[in-house]
C-alpha cells in the first residue's frame, strides 16, 4: 500500500503539467487530487457497509477486536467481510487501470506550454534528485506540507477512535469522514481555481486556508474538552468538516508551489518526494498512538491538530514565493529560447511549436 501511494500520488500534477497550460495547471491538479479523495469517501462508506464489528465491541479507544472474546464463527465472518471488501477494491482498481491503459494517450499532440515540451526530454534522475535535495527553499515548503498532511491523513484513519468517547459509533464516524472528504473536494477545487485566476497569491492562499482550518480544529478541541459543553453532535461534525476541509484544500496548492520552486526538476520526482515526506509523518503519528503514554487517551490528537495548524502558518512565513516554471512559460519567445537552452541544452525542439 505504501508503494502504491508513493507511486500514484504524484500523478495529478504530472498529468496537469503535460496536458494543461499554465493558467489551468493548478485547477487540473486540484481536480486530480480531490477525485482521489472521492475514492477515500467511498472507502468510508463501503467499509462499514460490508464489515460489521460484533455487538459487544466497546467504544473505548484502548480496545480492539483482538481484545474481545469472539466466537469462531464471528472471527470467520469478519475475515470473510474483510476479504470481500478487498476483492471489491481490487476489482474497481483493476477496471480503472485497464481503462487508462486502453484509452489514455501518452502525451498531447501539441504541448500546452514550453515547460511541458522540455519535460518530454528526460533528464538524468540523479541530477534531478541532487537539485531537489539542495533546494533550501523547497525544504522550507516540504516541512509544513508534510506536517499538516501527514497528521491529518493519519488522524482521519482513526477518526472513529477520536470521537468514540462522545458516543459516536463507527457508522456515524464514517459518515463524518464522507462529509469531510466531500467538503475537502469542493474547497480544494475552489482554492485551486482561485490560484489560477489570480496568479501569484499561492502562498497567501495557503496561509488563509490554514488559518481557517486551525480555527475549526481549535473549536473541535474546545468541544472535546467540554468548553463549552456540547449541546448537539452537529457541532462536532461542523468543526471537523471546517478543519479538515480547509486543511485538505491546501494540498494541490502545496504540490504546485513545490513544483514551481523545484523547477526544472520533473513534476513526478517532486510529487514522489512530497508523498514520501508526509507518509513519514503519518507513520510517526500512528506509531505514537501505540505507545503506552497516549494509547488510552484521545485528547492529545485534538491538541496536535490545533497546534500543527499554527506551526504550519508560522513556517509558511519563511518560504520565499517563486514561480520559476510559470515565468518560463509566460516569458517572451526570445527569453523562452534562452530558457530552453539552459534547461535542456540538447533539445532541438522549437519553442514556436508550443501553443499559447
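Keep in mind that glycine also has a Cβ here, set from the backbone N, Cα and C atoms.
Note that the structure is a prediction, hence the values are computed from the model and not measured.
Now, the feature entries from TrEMBL:
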TRANSMEM  85-104  transmembrane segment
TRANSMEM  138-161  transmembrane segment
TRANSMEM  173-192  transmembrane segment
TRANSMEM  204-224  transmembrane segment
TRANSMEM  236-255  transmembrane segment
TRANSMEM  261-288  transmembrane segment
TRANSMEM  300-319  transmembrane segment
How about the transmembrane segment (261-288) with the transmembrane segment (138-161) - do they touch, taking at least 3 C-beta pairs under 8 Å (6 or more apart in sequence) as contact? yes
Please determine whether the transmembrane segment (204-224) and the transmembrane segment (85-104) are in contact (criterion: at least three Cβ-Cβ distances under 8 Å, sequence separation 6 or more). no
Cβ contacts under 8 Å made by the transmembrane segment (173-192) with residues that lie 6+ beyond its boundaries: 26-27, 29-31, 33-35, 37-38, 40-41, 44-45, 47-48, 156, 159-160, 163-164, 205, 209, 236-237, 240-242, 244-253, 256
Counting Cβ pairs under 8 Å to the transmembrane segment (300-319), which of 85-104, 138-161, 236-255 comes out on top? 138-161
